[in-house]
Amino acid sequence: MLKGSIVALITPMNRDGSVDNASLERLVEFHINQGTDAIVAVGTTGESSTLAQSEHIAVVEQVVSFAAGRIAVIAGNGANATAHGVELTQKLAKTGVDAMLGVTPYYNKPSPKGIIAHYTAIANSTDIAQILYNVPGRTCLDMQPEVIAELAKVSNIIGVKEATGDVSRVAKLRALCGDDFLLYSGDDASAKDFLLLGGDGVISVANNIVPKAFKVMCDAALSGNAELAKIHDDTLRGLYGSLFCEANPIPVKWASHQLGLITNAYIRLPLTELSEQFHGLLLETMKQAQLKV
């Protein structure tokens, strides 16, 4: 199922920097048991930028194997160079994933024409569904609704993860792209309103540690029950902020370790583990979210 409550899954690691497959399997089972609708493996939150391509593919293969058809798996396939994106996409297509999620190229600042050519080339390299990912806070490139609408004409580009936090884009994207084009929020703090305005799902960081509560909030919003959605969203609101007290996924890895979901909070350089000054803040907001820490 490619709608609803989707987790942007962390990639657990051992202290030597290798992938912790035992913890990875626990995470997949945890999300299946908690009712999460789909998993994004090796996206931004999964540290795609610091994994070698062989590691990237291996993690996706493991998640697909652990999932065993019980939950949909979406693989990150973002790349700064189109040729690299095509190569990665063709390799990921052999893993059994249900879809792929590709962030806009970053740093090299392509024009709208370049963005369209980039995503079209990647989509044309496979039959597997592709989801665009717009996150200008990280890429310094804001893919405009008109560009997304042009890409929506490509048969296997099925949706966009919109992480600007601007919920007014929901109506514009729906009008430009049609009812069948999937609209995902990539911003936990505005996700409730995004869904109430007609979005289809949320690809969430907080979902790593509060999947059941986040699923209830999403289901309420998707059904149009604004009052119930607000009640559950309010419980999680402090957590949304504290999970970004340092660069994602630093805080969510630390929180996952505190909950015993992963063996340790190791994160690859140039990111470092959560600064001690933020431990109290995160613990307090975890308690507010009714987590036992």
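Placed from the backbone N, Cα and C atoms, the Cβ positions cover glycine too.
Feature annotation from Swiss-Prot assigns active site, proton donor/acceptor to Y133; the stated evidence is sequence analysis. Contacts of Y133 (active site, proton donor/acceptor) defined by a Cβ separation under 8 A and a same-chain sequence distance of 6+ are given as G43, G78, L101, G102, V103, T104, V160, K161, A163, G186, in order along the sequence.
Following the DSSP three-state reduction, the secondary structure of K161 (active site, schiff-base intermediate with substrate) is strand. If you look up Swiss-Prot, you'll see K161 marked as active site, schiff-base intermediate with substrate.
Sequence annotations record features per position, and here Swiss-Prot assigns pyruvate binding site to T45, I203. The Cβ of I203 (pyruvate binding site) lies under 8 Å from the Cβ of I6, V7, A8, V40, G43, L101, K161, Y184, S185, G186, each of which sits 6+ residues away along the same chain. DSSP gives I203 (pyruvate binding site) a strand state.
Taken from Swiss-Prot, the feature site 'Part of a proton relay during catalysis' applies to T44 (among others), supported by sequence analysis. The Cβ neighbour count for T44 (site 'Part of a proton relay during catalysis'), using a 10 Å radius over every protein chain in view, is 24.
In the three-state DSSP assignment, the secondary structure recorded for Y107 (site 'Part of a proton relay during catalysis') is coil. For Y107 (site 'Part of a proton relay during catalysis'), other Cβ atoms within 10 Å of its Cβ number 8. The site 'Part of a proton relay during catalysis' annotation in Swiss-Prot covers Y107 (among others).
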**Request:** Show which residues of the chain containing T45 (pyruvate binding site), separated from it by at least 6 in sequence, have their CB under 8 Å from its CB.
**Result:** A8, L9, I10, V205, N208, N248, P249, V252
**Asked** Hey, what's the Cβ neighbour count for K161 (active site, schiff-base intermediate with substrate) at 10 Å?
**Response** 26
**Asked** How big is the Cα-to-Cα gap, in Å, between Y107 (site 'Part of a proton relay during catalysis') and T44 (site 'Part of a proton relay during catalysis')?
**Response** 15
